[in-house]
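According to TrEMBL, the compositional bias 'Low complexity' annotation covers 601-618. Per TrEMBL, domain 'Calponin-homology (CH)' is recorded for 51-168, 197-306, 352-460, 476-584. The region 'Disordered' annotation in TrEMBL covers 596-618.
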Amino acid sequence: MIDFEEFRALYRELRQSDFGSNLHRMVKSRSDLMTHGSKTGSNDVKHSVRLEEQVAFADWLNKNLAADEDCQRYLPFEEDGSDLYKKCDDGIILCKVINIASPDTIDERVLNKGEKLSLFKRNENITLALNSAQSLGCVVVSMGASEVVAGTQHLILGLLWQIIKVGLLADVNLAANSELRALFGTSEASIEDIRSLAPEQLLMKWVNYHLERAGSKRRIANFSDDIKDSEAYAYLLQQIIPKESGNGMHSASDILQQREHQTRAELVLQNAELVDARVFVQPSDIVAGNSNLNLAFVANLFHKFPSLPEPGEDGAEDGAGRVGAGGVGAGPISADENHAGFGADAFLIDETREEKTYRNWMNSMGVAPRVNYLYTDLRSGLTLFHLYDLIRPGIVRWPRVHKTFHRMRENFERLENCNYAVELGRQVGFSLVGIGGEDLLEGNVTLTLALVWQLMRAYTLAILSKLAGSAAAGKRIDERAIIAWANQRLERGGKSGRLSSFQDLAIADARLVLDLIDCLRPGSVNYANVLEGTTEAERLQNAKLAINLGWRAGAKIYALPEDIVEVKPKMVMTIFACLMQLDFESPATVKLAASPVSTTSNSSAGGDSLGSGSASQQ
């Protein structure tokens, strides 16, 4: 094991020689990991940081933040990435990376800028970054502002990778890139199953598609062992790089004549460098099979040179019902059928905002397996059981759950899991009239959304009820209690607005939400930034400001600005619930002026049918 200073000295020495060839060999012989300690209670815990990822992310930051004026004082990062953690300690770098991964997520009007920020302002920026990352589906575990300020390496590096990955994989789907239809040729897989593929799986199919077209028999099933010898990369780059850009390229045959894998990898990256695609990986990372960095390398290649035929061109499938010959659907189709994955335009349908919010919420909870497409990824029931266990720990009787499936009985075992998931929903008081396990197994859109919404609602209210234990003398929380709390806080803060329901059109300009945030964090809202809200564009800007200020204050909001402007009652409820949670987590918790009600009650407030299990937002 090498310590940090020893690694830095070794790194500088190797930069003077054949860095790409020698770093991996010399460091790997001792360790490719750097360890650092932390304390958990009375225990000393050792955590590891992969040095090659530290180097890769520092290089990526140098390239992607080069044009950002706010970041000039941080650049360049050291080549070994050793200053990465210290330079993240005011939250600005993290916020900038989030906006690269998901443009306009963070409203820079709320970002505290300057060279000498107080600890309070730095903590605000970091909290803004963490909560916005969580809203994108990142898992933020055991991580708060104090860990970032302290430069906790494994947490910061892990968060950076999650955010970068969100950006790299955001458009690796059939809705954003319809040319991906070509990957399935004459496959008889259903469009619904194809849409359920994870971005990583689509990228592997993309690589294999080009390997086949290049005449290679090689195929990959991962981004680690299958790429170590560089054969897949040699053919891939030869196939996708335009001829006019490939002057001086090493041919695949020339590369594969080299016996040393390290030499092959260097030649591959020299080819990538010709088209400005030498990012994330060093030759040693290819040879070692670093799956994260090789995934990032391939995703970048896909974005630069997808090299796929447009739908309708020779080699592209016809895109209806089933892929390939004989797949054209007959007759008109309904909107529900189209959404579920049938019809000529099924590939082009992106997930709705509601679906994206649910997916990001579930993934941020650390569910396994990770959810990519609601209507297929919940069929096993495993994700649902994970969520039930978070809502009411111990409710899931795990011996009843099929965690793996036998090939001959898979459909039956999945159905048993789905039936049990519905049974648990009834146990916790969900309204599941007309919903059976077969509906989840079949991916019924309306009924799946109904269950997932009630899971999100129950999780939110369960946290509130737990926090309210001391503040409200054991009173449990539902929508009416949230409205009562909001109006109480608005009145105490001297604000004139009041909330009548979660369908109240006064919410649309976001001023009510902004006023509530200002009551919770006096002075946090700069009203010079708040627009009149007479146009939809102004209302959207206000809503974006409100969500960002909520994040900065510490609220874990998943809803989108459009949900406020369009007054979507379900998502609006979650915003107010998150702000209420923030209030309860504050040292001086305000007592509720609300009557005791049950968390599992399906009653509504002000006409909001939020607990009914309805899948559509009114």
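Including glycine, each Cβ sits where the backbone N, Cα and C put it.
Map these features onto the structure and tell me what's around them.
Mean model confidence of the domain 'Calponin-homology (CH)' (352-460) amounts to 96 (pLDDT, 0 to 100 scale).
Helix, strand and coil counts from DSSP across the domain 'Calponin-homology (CH)' (476-584) read 71 helix, 0 strand, 38 coil.
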With DSSP as the yardstick, break the domain 'Calponin-homology (CH)' (352-460) down into helix, strand and coil residue counts.
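Tallied per class, the domain 'Calponin-homology (CH)' (352-460) gives 71 helix, 0 strand, 38 coil.
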Using DSSP, how many residues in the domain 'Calponin-homology (CH)' (197-306) fall into helix, strand and coil?
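Per-class counts: 70 helix, 0 strand, 40 coil.
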Do you know the DSSP helix, strand and coil residue counts for the domain 'Calponin-homology (CH)' (51-168)?
74 helix, 0 strand, 44 coil
